[in-house]
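One structure is given here, and the rest of the page talks about it.
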């Protein structure tokens, strides 16, 4: 995530990059989308998700352009340093020659001169420059700090969602909702689970176990291996395809119970947050795009990915809201298949769907926690300074782990957690940061760029209008969501 320049990684083809991007975007947010669709109404939801997919695609092209600009700046600085080293070791020029040359050269030299030995394109994305490094290159100190605060808040929300999703799935499976008699029942937190232990107590027990098992990874470095990524991706594809097919079969038989409203504006703010969260990938683009071996068609691949993901989300959500009664849809959509034998009467598959989030999310939690911990370290880091052992190994992991666990203890309303995280921190990461990155990257390079130098990764939305449109859109959305929350709380 946010950080410095890291290794490029093992190269892969554009098709593999497309698959990786699909797997990155389609995650926990997709499981909360059906309920958000049912709450906002299917026509309004269709319109809004198409708009938000377009906005997310636009800012994705902004980030890719900023990555190319960052590579160009690094390439120029490296070349400038080589020229300086060569001139220091050369005695071909006299002092007068050097003075004359210094007077004749402008103060700002073209960043990409056409007078070079070979066909080098400085805008090639060959170094992985993370968003934090780009922020340091193009933003001032205040902007850098605001970026890190924004991504830290987003990662806290991410961890709270993960910390709540796993215990919810375990509670629903363990507390008997997988029995066929429970298909039309919506349980409350105060209902019994095991004897005198309520469902809420069971949820907190599972949350405690989850914290004890996965929390310690925050104190170390964790990395998702290639084979673990393949396994979780395979499970995700099987689960999602299974849910879509099962819902389509039920609708085709004419036994679907869903009668969603056409429009319900009160559900729009939460749907906005869920959709923003579900299209989030901007913070991981450097690690996704840089290893692609052939980048000529990166723009087309990204567009294809967004079209596929939009179609996938629409298909998943529409089949869900017409298959199940809207009032019985769970925050975690997989749970609707664990307690309804009319949809799925094979116990093993019901358990698989019920526990699917447990396996996939549990592998992601340590990775996100370590990323958040490292961002905290970067935010407070000062050049030349080091942290005491206690601060580095104890304090930073604790401030990473405790807040999301406390939030998960207080609430397990996944729809609200996803909606708030997406609406606020997600808006910053997905809209505001990419817009300002590309804006300042262009301003930074324009005075020193040779006219013949063309950024081949330039966004199709290269006019300044689009940058300001994204910023105004983000501000409007934040105001709309905040006003709706205030009005809703006032009515209660």
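Heads up, the Cβ atoms here are built off N, Cα and C, so glycines get one too.
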Matching range for TrEMBL feature annotation, transmembrane segment, among 181-201, 202-222: 202-222
Segment assigned the feature transmembrane segment in TrEMBL (from 266-287, 420-441): 420-441
Which listed span TrEMBL calls region 'Disordered', if the choices are 51-78, 79-106, 107-134: 79-106
Secondary structure tally of the domain 'Amino acid transporter transmembrane' (20-67) (DSSP, helix then strand then coil): 45 helix, 0 strand, 3 coil
Spatial neighbours of the transmembrane segment (37-57) far in sequence, C-beta under 8 Å, 6+ residues away: 258, 260-268, 270-272, 275-276, 279-282, 302-303, 306, 309-310, 313-314, 317-318, 320-321, 326, 329, 430-431, 470, 473
